[in-house]
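For Leu418, Gly419, Lys420, Gly421, Thr422, Phe423, Gly424, Gln425, Val426, Lys441, the entry in Swiss-Prot reads ATP binding site. What Swiss-Prot records for 1-23, 249-272, 286-302 is compositional bias 'Polar residues'. Annotation source Swiss-Prot lists domain 'C2' at 166-378, citing sequence analysis. Residues annotated as phosphothreonine in Swiss-Prot, with experimental evidence given as evidence: Thr570, Thr723, Thr737. Here Swiss-Prot flags Ser711, Ser726, Ser758, Ser765 as phosphoserine.
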Amino acid sequence: MMNFFTSKSSNQDTGFSSQHQHPNGQNNGNNNSSTAGNDNGYPCKLVSSGPCASSNNGALFTNFTLQTATPTTAISQDLYAMGTTGITSENALFQMKSMNNGISSVNNNNSNTPTIITTSQEETNAGNVHGDTGGNSLQNSEDDNFSSSSTTKCLLSSTSSLSINQREAAAAAYGPDTDIPRGKLEVTIIEARDLVTRSKDSQPYVVCTFESSEFISNGPESLGAINNNNNNNNNNQHNQNQHINNNNENTNPDAASQHHNNNSGWNGSQLPSIKEHLKKKPLYTHRSSSQLDQLNSCSSVTDPSKRSSNSSSGSSNGPKNDSSHPIWHHKTTFDVLGSHSELDISVYDAAHDHMFLGQVRLYPMIHNLAHASQHQWHSLKPRVIDEVVSGDILIKWTYKQTKKRHYGPQDFEVLRLLGKGTFGQVYQVKKKDTQRIYAMKVLSKKVIVKKNEIAHTIGERNILVTTASKSSPFIVGLKFSFQTPTDLYLVTDYMSGGELFWHLQKEGRFSEDRAKFYIAELVLALEHLHDNDIVYRDLKPENILLDANGNIALCDFGLSKADLKDRTNTFCGTTEYLAPELLLDETGYTKMVDFWSLGVLIFEMCCGWSPFFAENNQKMYQKIAFGKVKFPRDVLSQEGRSFVKGLLNRNPKHRLGAIDDGRELRAHPFFADIDWEALKQKKIPPPFKPHLVSETDTSNFDPEFTTASTSYMNKHQPMMTATPLSPAMQAKFAGFTFVDESAIDEHVNNNRKFLQNSYFMEPGSFIPGNPNLPPDEDVIDDDGDEDINDGFNQEKNMNNSHSQMDFDGDQHMDDEFVSGRFEI
């Protein structure tokens with residue numbers, strides 16, 4: 001399904017994949033899987049390879065492949081969060097020879113390790129607890145904690161009081177980004193009070209996100225009944241229990257809840273499964289520029305009587321419903337790889353279709369601190385104005401620096417297989433020291449060398465490094481990368497909501513409002529890439545992931561190209577989403593190919609099928625180059641149709657976005673009701689929240705992969721087949737490794753069954769299943785909307801053409817351009 005694995009040919013950034021699968025399991029014959037394979041997303045429904053010619057001469061990723069010192073975490077190309085290998089171009093070969101001969105290279109490993117500043121801190125203010133029944137607890141905590149006498153500061157601020165620009169200014173005040181925090185952030189969700197719940201049977205749980213890593217709590221350990229009169233007593237009790245010195249924080253938090261009766265029905269188990277009829281919301285087919293913030297109506301109390309009842313209960317002196325006072329004591333640990341990152345804590349009700357109960361956003365400033373902690377009540381906030389939210393949540397966080405510099409496969413426990421592809425596999429893994437869940441892609445060096453894809457593989461990693469260093473909220477982040485003599489490893493955020501393809505396949509199509517939300521976030525992601533001179537080139541549902549809250553994250557940069565200042569000629573992509581200029585224009589194409597794919601994607605989301613789908617690739621290319629787009633009645637609003645037509649203009653110079661890139665798309669009337677700043681900060685409630693029972697939930701991924709056994713991955717067995725590559729070949733991967741290369745030999749025996757278990761899956765093209773489409777007679781042919789300046793609509797291009805493509809066997813795609821057009 002997902003294209004997490006890409007296989008490209010020799011010295012071109014090429015690829016061509018058609019990875020959709022018909023819901024009934026039928027193969028439509030579109031066997032032109034671009035750069036073959038699926039090595040770059042999570043699950044992979046298809047893997048097929050075929051080399052493609054290109055007019056590029058191999059001068060790819062020059063700024064990246066010449067990098068000589070490699071960071072252990074994806075912070076930037078020259079700012080290191082966990083130390084470097086320090087491999088230089090002059091001694092790379094010697095280093096690799098030493099590695100294979102078991103010779104230590106400690107000196108080189110430490111040559112470029114950045115200095116860690118560990119300024120000591122007066123711990124008196126770090127562990128203070130501020131109890132406040134009103135909404136001023138956060139401000140009070142800031143006033144109390146900000147001590148001018150401390151040599152370092154720990155500042156906690158709320159979203160409402162600190163804008164993005166202000167946060168950036170505050171970050172600059174704390175020093176340059178060369179002092180990136182390296183440590184662990186332990187977060188304990190203790191309890192909440194005065195929640196607005198629908199009934200005493202409500203089952204609150206928490207989704208906690210930090211640097212795109214997710215934690216999904218179980219249900220409460222117990223539910224307590226409290227009086228408002230006792231709030232101050234509770235605050236005093238927490239103040240008495242505060243930990244002023246970090247060295248004394250060994251108290252077991254679970255003991256504090258032993259006196260509560262466990263009447264919640266949770267019994268310490270995972271979240272209960274939701275009945276099937278609660279998972280599906282009615283599909284409506286037409287809404288013109290409606291407010292997205294009204295989509296949360298199912299996530300708030302809509303009955304006025306219930307609202308008044310719940311609101312009044314918040315100020316009464318009587319006892320609360322048990323469900324309004326959940327006690328969790330759930331603890332999780334996050335890897336701190338960046339600086340000034342946001343800690344997002346959202347509360348939901350599993351018993352009422354994951355109703356939203358409130359949110360807290362914190363910005364723990366831990367710059368240059370060896371230790372820091374805080375133990376405090378925070379007022380829950382709504383995401384939008386009309387959400388009914390009240391109550392407070394008690395949160396404790398503790399930050400500690402770590403000394404570890406190098407990571408390898410032994411630091412991760414494999415949990416589930418998420419996908420397979422040409423180069424290797426993608427696994428759900430758990431980092432052993434923090435228990436954090438990640439996705440780990442394992443690529444076989446032998447296959448990469450055989451397909452001559454070393455430069456592209458390193459280029460993909462460096463694009464991920466670039467996007468991580470200039471973070472976008474809607475792009476999957478790279479956390480770690482390292483290598484052994486046999487394999488390459490990329491460790492990224494695990495998005496538990498699964499891929500958008502999986503949800504689209506199950507539901508058939510989305511409402512216009514839901515599609516608009518996803519497209520708007522994709523516009524921000526593509527704008528971020530284009531502003532950094534990166535063309536994505538493989539936009540499709542398989543490469544779009546959902547997080548636990550329902551926001552999207554773009555993944556799979558296997559076909560992306562960096563440093564694109566003008567045009568490129570590489571023939572790559574997925575058939576249904578290819579732009580016509582990629583087929584027809586011998587002068588190459590620009591970043592506008594991404595916006596064409598975006599137009600195809602929104603059409604597919606709303607209508608339920610691809611606008612250019614055909615039973616074979618030759619007909620599909622003809623439709624892309626010359627076919628008319630047909631809209632079913634009452635599926636897209638007039639603004640939506642105008643937006644799609646603007647994106648599907650065959651002349652890239654007149655396509656929507658050609659003048660001002662993503663900013664031009666954001667100004668379109670289709671997005672008139674979007675608050676872009678709020679969307680960028682993820683303040684707009686997603687129209688759909690994935691149903692999850694834990695942070696390790698894989699129910700939104702293909703069970704064909706997730707049910708496969710991975711027990712052999714965690715066993716250290718002798719090497720069965722392949723031997724390490726020669727030192728000369730190993731040296732070619734010097735720009736990839738993040739692990740201490742003197743320790744690579746000890747990992748050589750861990751991962752040799754990957755190639756044995758790899759396989760090629762049958763390719764196909766996906767049409768969402770049974771979306772209750774309108775009858776044929778309701779299809780509208782928009783004949784009058786052709787662009788008179790569109791020079792690509794000339795049917796004469798079809799004259800005297802003959803096929804130059806082989807549609808059998810390995811699906812080789814010949815991208816020879818003849819007389820300004822692709823031979824169809």
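Just so it is clear, glycine is given a Cβ too, placed from its N, Cα and C backbone atoms.
What you are looking at is a predicted structure, and each value in this text was computed from that prediction instead of being measured.
Projection of Swiss-Prot feature records onto the structure.
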{"residue": "Leu418", "record": "ATP binding site", "DSSP class": "strand"}
{"residue": "Gly424", "record": "ATP binding site", "DSSP class": "strand"}
{"residue": "Thr570", "record": "phosphothreonine", "DSSP class": "coil"}
{"residue": "Ser726", "record": "phosphoserine", "DSSP class": "coil"}
Out of Leu418, Lys420, Thr422, Val426, the binding-site residues in the record, which is closest to Ser726 (phosphoserine) when you go by Cα distance? Thr422
What does the structure give for the C-alpha distance between Lys420 (ATP binding site) and Thr570 (phosphothreonine)? Integer Å is fine. 25
Could you please provide the mean pLDDT value for the domain 'C2' (166-378)? 64
Going by C-alpha positions, which of the binding-site residues (Leu418, Thr422, Gly424, Val426) is nearest Thr570 (phosphothreonine)? Thr422
Over all pairs in Leu418, Gly419, Lys420, Gly421, Thr422, Phe423, Gly424, Gln425, Val426, Lys441, the listed ATP binding residues, work out the largest Cα-Cα distance in Å. 14
Tally every other Cβ atom lying within 10 Å of the Cβ atom of Thr422 (ATP binding site). 27
Within 10 angstroms of the C-beta of Ser726 (phosphoserine), the count of other C-beta atoms across all shown chains comes to 12
Enter the number of other CB atoms within 10 angstroms of the CB of Val426 (ATP binding site). 30
